[in-house]
Amino acid sequence: MSKMNKLEHIRNIGICAHIDAGKTTTTERILYYTGKSHKIGEVHDGGATMDWMEQEQERGITITSAATTCRWQDKIINIIDTPGHVDFTIEVERSLRVLDGAVAVFDGVAGVEPQSETVWRQADKYNVPRMCFVNKMDRMGADFYRCVEMIKDRLGAKPLVLQLPVGIEENFKGIIDLVKMKAVIWKDESLGAEYCEEDIPADMKDKAEEYRAKLLDMVVELDDTIMEKYLSGEEVTEEEIKRLIRKGTISAAFYPVLCGSAFKNKGVQPLLDAVVYFLPSPIDIGIVKGIEVSTGEEKDFPVSVIEPFAALAFKIMNDPFVGSLTFIRIYSGKIASGITVINTVKNKKEKIGRMLLMHANNREDVKEASAGDIVALAGLKDTTTGDTLSDVDKQVILERMEFPEPVIELAVEPKSTADQEKMGLALSRLAAEDPSFRVSMDHETGQTVIKGMGELHLEIIIDRMRREFKVEANIGAPQVAYRETITKACEIDYTHKKQSGGAGQFARVKIIFEPLKEVKDLEDEDKNKTFVFASKIVGGAVPKEYIPGVEKGLNNIRETGVIAGYPMIDFKATLVDGAFHDVDSSVLAFEIAAKAAFREGMPKGDPKLLEPIMKVEVITPDEYMGDIIGDLNSRRGQIQSMDPRGNAQVVTANVPLAEMFGYVNTLRSLSQGRAQFSMIFSHYDQVPSQVADIIKAKK
């Protein structure tokens, strides 16, 4: 197979879903039918191939996106298994950045759940073409048609139904293929490996005709010639329909919807066929955006084997046998063991040692890899998630990934002196793997503080510290990651002078601080930042070489705000004037001046305390609804919506994270264990003054 031809044969896909929608089971079945896995792993018994960290096998949830390579027909499918729990959305975000297409798995009973919405929005952000697989069609209460409506209403997406279920709940036995207009029925005794095509059952003929007409109406819109043919009553061929479905899927004109039951081994092979037929190859994506290092200009780089090498590191993992593994997606060029490449973000060279193709936790050594491939590199020294590896002579930086701020933190203390050093190493390794996990030192108490996206996230980090690094630690109670901000603009003119014999220090800075939301001319790249620095110095009032000192000083000091010592966010600092001394000025002097200007100036900006607000969704039987809403209101919650779902009610509310600790036990007792909830970070908002006073008093 020629190299360019090989690109057409690759599918880099992710399988994304809400926790428990059956995503890992679906991936397992794909590996089974593509011949990479000889025994079907079940999440229920902790034996799934993709869930390979011990914690995942115990909890039955997928934490790490393991990359797996398999083949179907003549295509290579690289699957990134993404976690479905809200605390791990960072993993999903990372994998979506390097995918060409995705399969969104929905629970046929629950439909579109909160995490499904979150993942869908993340996929929108990266323009990932995707198709939908409505799973669990064999379960009590499964409703394919309701799920399709929810995809339309909740996600605002345009579903293109390609299959209908044959039989419902425990009688589910197959699908109707609306492209071929045939029924596909599975034989239970063959573990789903054997199925046969039959005529459409008589009682489903009308429904199949109705949905076939809807399908044709949607796809022919993409091609004027075929539309004329269709409108004049001519038959549209199967090949033409498939070509148009592919075109519409890649352009996100619509999202194909398939159905099945992965657990009962039904519907997996047609899903694989659809991945191959309809999801894009790296060539269909065509270009990747990046910055040419030599000119600093943003450019579009073609995805091609003959272009210079460029790859994005999207995951770092510690492997017990190989050590640190860096997963990369190669966008252009090729790479071989023994060559040297450059990390253009850190400006450090890296020598390529072992290269591995991963199959969950089995590995296969390869000597070279090229555009379109996803491989793991062993032994890289300086590369972390989001970095670009590039050809040394033709350097590029691919667009960086953005990572959310952690919302929860807790103190950890090693149990013994022996654990002290090991803990430092363990935490720095875990932070290199996971950019949404941060480690810092509390300057007042001297404690190590770890920060993450939720209680489960930090629980698993501590668990991994114990299991993988053999570190025993005492854990403090979880704390909310409060922030501070200013609500009005203010200006400060500060002069730092130090004369005590020998070389002195001198720096004068005039800085305007303003809330980000009031800044009119914010650059696009600054819109997602929490702090923006700009210099409007003219005429050399502050020499160029000293300006980075001002930015560094502000960046350091903003970590301890002026109200209660929490990090200061959502503000812009503009250096507008200043003065220097030929002998006594230095970068350090300007750094000190900037810090003092912050301390003196920020209190004039009417600073306020901010707290993380969570989007909480509670699913409850009708009879507990009143009590649950009353309880959410008592937690300073704001009810956003109440919707019926089957015979239950879904309550969505925005609630401060500080009020949600221990909610799982309250909900259990309010509903006799029948209600469930999920929550995800929504935004930061001002803390009411009476609550802010209590928080300040505790600091």
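Placed from the backbone N, Cα and C atoms, the Cβ positions cover glycine too.
Since we're looking at a predicted model, the values are computed, not measured.
Some features that Swiss-Prot has for this protein:
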- 8-283: domain 'tr-type G' (DOMAIN)
- 17-24, 81-85, 135-138: GTP binding site (BINDING)
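Where Swiss-Prot records a feature, it is marked here on the structure.
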| residue | record | CB count, 10 Å |
| --- | --- | --- |
| Ala17 | GTP binding site | 27 |
| Asp20 | GTP binding site | 18 |
| Thr82 | GTP binding site | 28 |
| Met137 | GTP binding site | 27 |
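Taken residue by residue with DSSP, Asp20 (GTP binding site) is part of neither helix nor strand, so it is coil.
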